[in-house]
Amino acid sequence: MTYSNKPTGSSLRSSRNSTLEPQSLVHREESKRQEGPKGQNLRIGLASPEQIRNWAERILPNGEIVGRVLKPHTIHYQTHKPEKDGLFCERIFGPIKSGFCSCGKYKGTRDNDSPPFCEQCGVELTESRVRRHRMGYIQLSSPVTHVWYLKNRPSVISHLLEMPLKDVESLVYCGSFIIGPGTYSKFRLLGTLRIGTHERAYKRILTRKRLRTRKHFLQTKNISLASRSVTLEKSQEKVNDSLKLSQRIIIARKRLLRLAAKPILEPKLICNRFYVPWRIALELFLSKWYRDCESREIITGGYGIQRMLINLNLQNKLVSLQKNWERLVEQTEKMWFPVSGKYKNSDHSADIQREKRLIIRSSKIIRDLIQSKTQPEWMVLSVLPVLPPDLRPIVELREGQLITSDLNELYRKVLFRNEDLSIWLSYQGTLVLSGLLARLQRASLQRAVDALLANGMGSSTFRDYNKRAYKSFSALIKGKKGRFRENLLGKRVDYSGRSVIVVGPLLALHECGLPREMALELFQPFIIRELITRQLAPNLRAAKSMIQNKEPIIWKVLQVIVQNRLVLLNRAPTLHRLGIQAFQPVLVGERAILLHPLVCAGFNADFDGDQMAVHVPLSWEAQVEARILMWSPSNLLSPATGRAVAVPSQDMLLGLYVLTLEGSVGIYGSRQRSFVSSSLLFTKNHEIKESKEEDSQSKQDFIRSLDKKSKPIKNSKYSLYPKFIENKSSFHKFPIFYDYDDVIISIHQGHLNLFSFLWLRWEAKYPVISSRKGPIEYQFDSSGNSINIYDNSYIKKNRKGNSFSKYILTTAGRVLFNQQIQQSIQEHFSSLRK
């Protein structure tokens, strides 16, 4: 990423006399400081060469302009200090240490009278963090094409120039050339001339001008004139084959193109006392068109692409594409059969459809360029931006070994080849092979820039000594691990976790068990804020130290935080909305996530090793949305069918059956004694322990203790425990309880198991389903009250026949089940009232 707080440079089209120079990859515009609060916006696209220079160049107080990287060096091998004008230069990118200059004159302490920069080394005395956003640039000796717009499919440059991609690549990598502006339009039909195939290209020119005699000079030693032929045995030999004196010329055995490459040749041999120079001889076989072409400029490489893009008029080209589209539509309408609905010529229709697709692609590219106010020649780079050094650092390990970013090596290759190209260009015209070597060096520079931007996308892949491909700029910003998706669009932070799920039978439907270690990482920012707010930690570092040491106060703060927040549980694959739901976290000491078994159907999860991810909604808006839309009690029905999703099954149904089972019923009738004596009981801490069988005497003591605890009204007609119960052998062997709470307490204390029979006082307003059989016994007192005794209940009524006291015979498991149902219903209605 690049940052800017300078105005955008003027467009290249505004001044055609200036050197056309590149654009960049990603550019960031920052509003000026004097305009008020700092605001930044991000725009991805092309930038002009002037814009890149504005990003990188700075004017020092002494008037010197810095920002251009000239040397391919990074740091000195002995002092480990950045080299001047190199890739880590402190003059360009800022000091490594805040307030320290490179020469050592200033060492962090500055007076009010001190200058803002060092007079000796030119380093600005500012903070070192500027090395994260200050850029540099490389002035390329020859323009190079941006590989993103050349190699991607579809190729933007190929569509704009309406040339095959193969021809464009040949021109970019100096495999062919084009004629200069003076005659480009004249030879447009010839296309690009491939280097190494001049004979074929010139043959096309000569053929068009009907100069058939060229065949007498190329590809053979035999020269045919009229109907006679001779063989040239030497480099220069006189031809006297019945020709007139005015037509006799001196012919060399050299190839025609090698002779044509020399502009002036001296006379070689005397023929009938006439001096005939080679140049005159060649003109007999070459037309004036070749002479015109020979005098024009030959363009190749990125500069040729740039010149062609400059000549593009996007508006006119868009109009031309629209006309072509209308023409194709007319052709399509003429080919259509109204009856059969088929084309007359299927091959021609396929060509039309292919041409339509090309027009659509080209139109989209041109409209995007016009809308973004981007000039097409910016796709050719002549100024290459250099990323800030802290984004491509050199790190020293403990052993003293230095490791560097791959970008530094790729930048060095670009600088080395750019320097070599500038040397060969300075020798061009003075050395024989300077033109050829400069052309090869242009292609080498193009490949180096391709590797920097997208290694492997160009013609070759750059590798290190271990045959490992260098990581280019594209590799650093694309994909899941790239700068955009990982650091800008979404940052990878500790707001999510993953673990195995296990069943949590003691959890409520809206709860999930969250491991304490995982919760400590998930809610760490909230814990830090709470510690600082409550003045339990003075600063951020102290709060992190407390969390790292896991001090006891941390768990108390964490417990308070999780009470008011929901977490999201997600199980892949998330095929529908029930695949991710919100739960209230409950801290547990295990390392697995506890999940209520009723919500497993929505997740399509089971407890055979499945894993689930935990996410924390950060903002209050996200918390509210999770509580309203994603909370597990709000997702009991399937959004597809409307049927219930949270339905008990498997072990839940079996548990309900066992919980409401009477010990003397069914197959358990013969096992009641042994099962009750060694049954599993719930304790106060939700642990399970084995209870031992109590003797009859302890049972009687327990009944008496319950009688004393209940405090019955003695000698009252409304006594809670009638005297006849003690005299009836069918009743006194089972304990009597006043309400649910007494039963639950006895279960937790281990006095009852789930299958223990008991008498429970029943509210009069709830009906009792008595046995179909009649009462076992009737009892009356002096006041007229009656007691009806059944095999599973007894009811006490007044003289008017209204019942005012009821007791039912049930089990502890049924009491526990009924109490849980009533509690859930009450909690639901209380939440609705809120």
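Quick reminder: no glycine exception, Cβ is built from N, Cα and C everywhere.
According to Swiss-Prot, the feature Zn(2+) binding site maps to Cys101, Cys103, Cys118, Cys121. Secondary structure from DSSP puts Cys118 (Zn(2+) binding site) in coil. Around Cys118 (Zn(2+) binding site), the same-chain residues six or more apart in sequence whose CB sits under 8 Å from its CB are Cys101, Ser102, Cys103, Lys105, Tyr106, Leu125, listed in sequence order.
Here Swiss-Prot flags Asp606, Asp608, Asp610 as Mg(2+) binding site. Sequence-distant contacts of Asp610 (Mg(2+) binding site), defined as residues of its own chain at least six apart whose C-beta falls under 8 angstroms from its C-beta, comprise Val500, Ile501, Arg571.
According to Swiss-Prot, the feature compositional bias 'Polar residues' maps to 1-22.
Look at Swiss-Prot and you will find 26-36 tagged as compositional bias 'Basic and acidic residues'.
For 1-45, the entry in Swiss-Prot reads region 'Disordered'.
Here the binding-site residues are Cys101, Cys103, Cys121, and the one ringed by the most other CB atoms within 10 angstroms is Cys101.
With the fewest other Cβ atoms inside 10 Å of its Cβ, the least crowded of the binding-site residues Asp606, Asp608 in this structure is Asp608. When secondary structure is read from DSSP and collapsed to three states, Asp608 (Mg(2+) binding site) falls in the coil class. If you measure from the Cα atom of Asp608 (Mg(2+) binding site) to that of Cys121 (Zn(2+) binding site), you get 68 Å. Between Asp606 (Mg(2+) binding site) and Cys121 (Zn(2+) binding site), the C-alpha separation comes to 68 Å.
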